[in-house]
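Taken from Swiss-Prot as is:
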BINDING   His554, His558, Cys656, His660  Zn(2+) binding site
Amino acid sequence: MDIRNEFLQFFKNKGHEIYPSMPLVPNDSTLLFTNAGMVQFKDIFTGMVPHPSIPRATSSQLCMRAGGKHNDLENVGYTARHHTLFEMLGNFSFGDYFKEEAILFAWEFVTKNLGFKPKDLYISVHEKDDEAFKLWEKFVPTDKIKKMGDKDNFWQMGDSGPCGPCSEIYIDQGEKHFKGSEDYFGGEGDRFLEIWNLVFMQYERSNDGILSPLPKPSIDTGMGLERVQALLEHKLNNFDSSLFVPLMKEISELTSLDYASEFQPSFRVVADHARAVAFLLAQGVHFNKEGRGYVLRRILRRSLRHGYLMGLKEAFLYRVVGVVCEQFADTHAYLKESKEMVMKECFEEEKRFLETLESGMELFNLSLKHLNDNKIFDGKIAFKLYDTFGFPLDLTNDMLRNHGACVDMQGFESCMQEQVKRSKASWKGKRNNADFSTILNAYAPNVFVGYETTECFSQALGFFDSDFKEMTETNPNQEVWVLLEKTPFYAEGGGAIGDRGALLKDDEEAALVLDTKNFFGLNFSLLKIKKALKKGDQVIAQVSNERLEIAKHHSATHLLQSALREVLGSHVSQAGSLVESKRLRFDFSHSKALNDEELEKVEDLVNAQIFKHLSSQVEHMPLNQAKDKGALALFSEKYAENVRVVSFKEASIELCGGIHVENTGLIGGFRILKESGVSSGVRRIEAVCGKAFYQLAKEENKELKNARILLKNNDLIAGINKLKESVKNSQKASVPMDLPIETINGTSVVVGVVEQGDIKEMIDRLKNKHEKLLAMVFKQENERISLACGVKNAPIKAHVWANEVAQILGGKGGGRDDFASAGGKDIEKLQAALNAAKNTALKALEK
């Protein structure tokens, strides 16, 4: 049975509109990931947006529960039903039907469509919800309905806001399989399994905790697809269902192990985590040191550790991820489209961690031998695993689980000190919903006329302070928000900053417009008051002249994305952008740095489209039609049924609500300033065009002229080479005196950092000066750490030593027994590399 389709069609026949699964990254500052089906309807439930014309909805929502408040990561693999990624089937009513219909629909679907026997079904209700109890009595015997307290059967969105009792449907999986002391209805065992939760949103909880009835009660339900699939197939574990068979087969082929072996938990961890990695990467989340990217990294590293347990010492997860992309291709087409990119990024991340995994495991296993009687693992070692070898703390705890041990958290935290808290996110969200409830009830969306004009007559509908409390009048020097009846000011969005400008009253400048933002469908402009304004005043709204420069950079961004896809491949997709009047910044998915040739091609392609003077075209069409035409869209964006499409003939076509130039010739010229890495799998290009392009060329010509004067040579290359040779000769004079030199058992040990000079020549001079030597010198150059090491009459090989330390820096080394060099890009790990280099030298001399 196709449970997903069966569910959606059932509720469609009951008058519900089918909504697609929203992205795993929600536009909600309170959530790390989308963790429930109701997330995309949150603004409807809280009254921030009007109820849709069809007040019934249904969806099959992809959810993530790893990191943040809802975190199942540590349980995955060890329980029958926990997942990091899963699908939640749900039906929703926005002030339409309530308890009676919700219970009727649920019972009908469970017993008729899914075919579960009524005798096996049990119900829980809130202890004070007599109404739900009586409704359920129509379908099940009273002794199979259990009243429970707030902990189990009361749901609320937060400390305040919509809330209400809930009712859950359980199924008895049979006494023969479950005979534990907790395997009774209401116990903690697995015999009675919850399959569906019906939330009856009928109250509003105030800030002081008082419950008031909602004028229009609503329904929010959730049922796990993976759990239902297992039940229908009479499986006692979600991972034993047909949904996971293709993944288990792939893991079995990779490991030459049987799923039913002692490694079953590891099979399940890898299968689950492969699904999460595939979907997160395909939806634009990339491996990072913080926020969502760090959660993704933790998931991958946990799966690699379980692969290591099964004997896999090389990258393997990317192959399981590839199976996930194929498995879900029919229902989530973007997975198949991005399969190559997803597998490649996964492979590169695996390689990085595998370089330190084995060394980290050796340290872990060695430390296990010194566990104290209380089974407390040294917090300092846990921190070293975290800081030097990239082992997330939860991974170390997961490894300790089988030994009945745990990390000394006090010791770990003391070592952490001022380290960046990696699991903290840095994402933008909306303002507090409570700020806007009264405003939304009082005002209709204002009219945006900025596509047609940069100036218009308007009326000030209202003024608001920084907390969005309404003001009737304003005074000079105040900063306030204004809501205009109609506005030419474009609100920040699509990477473009909000418009600035001025408000005129009686032909005088009454206020400066500092910024414009959209909150829940209303365009607000931030004002600096110069002349007192009050509610109802007639004003002239004028957009500043910088609007044209912003438009140039916005259109150039579209051309840039098109050029990147042509040069690098169709896997390139936007991962973020910033469009200002003097520059643009574009983040995109790509696994490695662009070389000079690629950057030149991209820049040339953009300028070629500029010189063609291509006219822009704006169309409005259904979303599916736009995608059929090849329009590029942001995966994380939630689009309406009808969308705005901006195209520059054959050069570019994108879904976009922003301001653009009428033809590409107005952009003037385009110049890439910098290409860099943002995080694993994400690159960034910074560029200028228009006036900023001209100003840059002017400044560079001036600098070149001054350089020729300083070098006293019109041939700049020759002059620079002559200067470099002079500097090089001066640096050969001596080894920097600040390099620490210790003598241990007759051997000179030098480990340190220099800011300038040729570190290879320094090693040569040290070797000439000392009879016995172990030396490693580090130097930071741009975004990279270089090192050189020399060994003379000492019990260690230089190339082994260099490679070991380079791995900490995220790089590799090579060379001879007496000399080697290496480098890496992980600048933050310099101190850890210094410590490791010193420790290796000391241990070698202690033997």
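Just so you know, glycine gets a Cβ as well, placed from its N, Cα and C.
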* Asked: Any idea what DSSP makes of His558 (Zn(2+) binding site), helix, strand or coil?
  -> helix
* Asked: What does DSSP assign His660 (Zn(2+) binding site), in three states?
  -> coil
* Write out, in the order they occur in the sequence, the residues of the chain not among His554, His558, Cys656, His660 that have a C-beta within 8 Å of the mean position of the C-beta atoms of the recorded Zn(2+) site. => Gly494, Ala551, Ser555, Thr557, Ser616, Val646, Glu654, Gly658, Ile659
* Residues near His554 (Zn(2+) binding site) in space but at least six apart in sequence (CB under 8 A) -> Gly494, Gly495, Ala496, Val579, Leu584, Gly658, Ile659, His660
* Neighbouring C-beta atoms (10 Å sphere around the C-beta of His660 (Zn(2+) binding site)) -> 26
* To do: Enter the number of other CB atoms within 10 angstroms of the CB of His558 (Zn(2+) binding site).
  => 26
* Structure fact -> Cys656 (Zn(2+) binding site) has its Cβ surrounded, within 10 angstroms, by a count of other Cβ atoms equal to 26
